[in-house]
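Visitor: Starting off with a structure, shown below.
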Amino acid sequence: MKLAVLFCFILLIVLQTDCERGTRRQRRRMHQRRLRKSSSFHLRANRQLEVQQTTAAPDARLPTANSDYSVEENIESLLSNLGVESSYSVLPGKKGYCFVKGMIMYNKAVWSPEPCTTCLCSNGRVLCDETECHPKACPYTIKPEGECCPICSDAEQESINKLHKQVPPPQMEMDQVAIKEALQSEEDEEIAEGHKEHKKETSVPTKIHGDGERTERKLRPEKEGRSAHQPLYHGRREEEESKEETEREGEEEEEEEEEEEEDAIRGDVFRMSSRVIPGTPRGRPRLPRSCSLSYRTISCVHADFTEIPPITAPEVTNLELVGNSIISIPDEAFNGLPNLERLDLSRNNITSSGIGPKAFKSLKKLMRLNMDGNNLVHIPSDLPSTLEELKINDNNLQAIDEKSLSDLNQLVTLELEGNNLSEINVDPLAFQSLESLSYLRLGRNKFRIIPQGLPASTEELYLENNQIEEITEICFNHTRKITMIILRYNKIEESRIAPLAWINQENLESIDLSYNKLYHVPSYLPKSLLHLVLIGNQIDRIPGYVFGHMQPGLEYLYLSFNRLSDDGVDLVSFYGAYHSLRELFLDHNDFKSIPPGIQDMKALHFLRLNNNKIRNIHPEQICNAEEDEDSALEHLHLENNYIRTREISSYAFSCIRLYSSIVLKPQHIK
């Protein structure tokens, strides 16, 4: 019996709590509905105001007769309440047709004679209707509170009012009346709904309360026993409070979701994100004037520095000090940049005596060092062993001894162009420790022979603009990986090239001997050669079978600006290259006709014969008449010769797919 009474009492408390929560929830919903309805009612009131302003009473007019005996009838428009007098005639004698400005309009035809006017032909009568034209532009913008961007307000009604000659009532009065009516109607609805819900919610508690009064008399003797169950009651009370908190949190989440949905629907308004925009990092290093920081690079280009600026930035990996007036590098110049990987000190006035013995000691991760355009007379000592690229071009280097590059076993690129180096002041063991070197530039120096002791790992060797006269048999004995040799602008003669100088090189693919003293194409070329450049020599002959031993075969042969003539080339001159040659440059020579063998070069894509003395092109010199396949030629240059283009046979270029790839003009007239 005690448990039953206790259960009824707890149930009464729970129902009362649910009733209070439902009342609060109902008030919140009614408040939100009131806000939505007030805003929608305000918009409807504005629209009704616009319609009322544009509405005018039609004037009754009598039919009038026109000069062409047609009757003009003015009636009220069927499309709106606005009556507009029509100035269009009805076609006499044609029932159901209308005659408008010389045009016949069929029955039910609709047209617009002018903006904001629509006309209808109905059983021989012209019915016109003038509609409201909404302004295309936004005449007035407002910026709501708490928003970032302006929005367009209601369009002004002045243009419409002037059209109908009406004075609208004050906007403030209409707004106040509309708002009062909306609030009054909503309050009435809320009161009625509140009464209904209150009756439903209070019906059950009333019944329980009546039962409680009956049982109260029975419970009086048991008050003492009820106190024994107080701990149980408090425990359930705490559970109910926790449930209320969870339900309250759920309601708040629902409200937030509703607000998000409203924001998504109202997508024309921009809302600022609640997240904080990150500011400038506090760890940004202090930089001297005229310097900039980009990612991990500090750039101080042309900043008029006379010394290395003191910078402390452990996170920086690149430092550019190009184009300053720096003279010296003290021992502790880069102590604040321990993670530096690339250092550019080009175009300064740094001298060898101004570099401290421990200037680069703190740079344990330095990989690239550029010191072009300074006043160094020898390579700085104690360079980091991590260096992979070292550039000391355009200095005044006088010598390279055995220890200058001794610790740079990871060096891949070494550039020493534009100095005073020669075979006399460069020790034969200077490059011995460079085990990883693959790219070596020694151009614009004073070498007379190929430097001795080149690293075995060398792949590209640049020796242009020197005074080299001879290539001996032992020059490339230890460089079996070499793929490119550049020897242009030297003094090499074919008789001074040893037969075994490079014929056994298995990886050598490119040789540049331009602007030397060659009189014919050198013999004993490497078997692997693909690219041979002999521009600007005095070559007057291509010996037979000079390319015959090459595998897979020569692909690029450049012989421009030489002295080749018809007598210097025969059918066996290109033997071994007919199947492989892709580009052949024979321009600026002394040819008087197309060289023999051109039509047999099946892989040829680019042929230059311009600026010669060619006068005639025979049908089978470029295209073979016995073959039906098209030529692979894509570019053929024959300009600046003495060819009479009108006398060229129609079969001369029949194998070339595109005539636009043939250049014939201009020609010399003589």
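Including glycine, each Cβ sits where the backbone N, Cα and C put it.
Keep in mind that this is a model prediction, so the values were computed, not measured.
Feature list, courtesy of Swiss-Prot:
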COMPBIAS  241-263  compositional bias 'Acidic residues'
REPEAT    339-359  repeat 'LRR 1'
CARBOHYD  Asn349  N-linked glycosylation site
REPEAT    410-430  repeat 'LRR 4'
CARBOHYD  Asn420  N-linked glycosylation site
REPEAT    436-456  repeat 'LRR 5'
CARBOHYD  Asn477  N-linked glycosylation site
REPEAT    553-573  repeat 'LRR 10'
REPEAT    632-655  repeat 'LRR 13'
Visitor: So which residues does the repeat 'LRR 4' (410-430) touch in its own chain, when a touch means Cβ under 8 Å and the partner is 6 or more beyond its ends?
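Guide: That would be 372, 385-402, 404, 436-449, 451-453, 462.
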Visitor: Just to confirm: which same-chain residues, 6+ apart in sequence, have a Cβ under 8 Å from the Cβ of Asn349 (N-linked glycosylation site)?
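Guide: Non-local contacts for Asn349 (N-linked glycosylation site): Ser325, Ile326, Ile327, Asn374, Asn375.
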Visitor: Work out how many Å separate Asn477 (N-linked glycosylation site) and Asn420 (N-linked glycosylation site) at their Cα atoms, rounded off.
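Guide: Here the two Cα atoms lie 26 Å apart.
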Visitor: For Asn420 (N-linked glycosylation site), what is the tally of other C-beta atoms lying within 10 angstroms of its C-beta?
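Guide: Excluding its own Cβ, the number within 10 Å is 13.
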Visitor: By the DSSP assignment reduced to helix, strand and coil, which category contains Asn349 (N-linked glycosylation site)?
Guide: coil
Visitor: Grab the pLDDT values for the repeat 'LRR 13' (632-655) and give me their mean, rounded.
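Guide: That region's mean pLDDT is 91.
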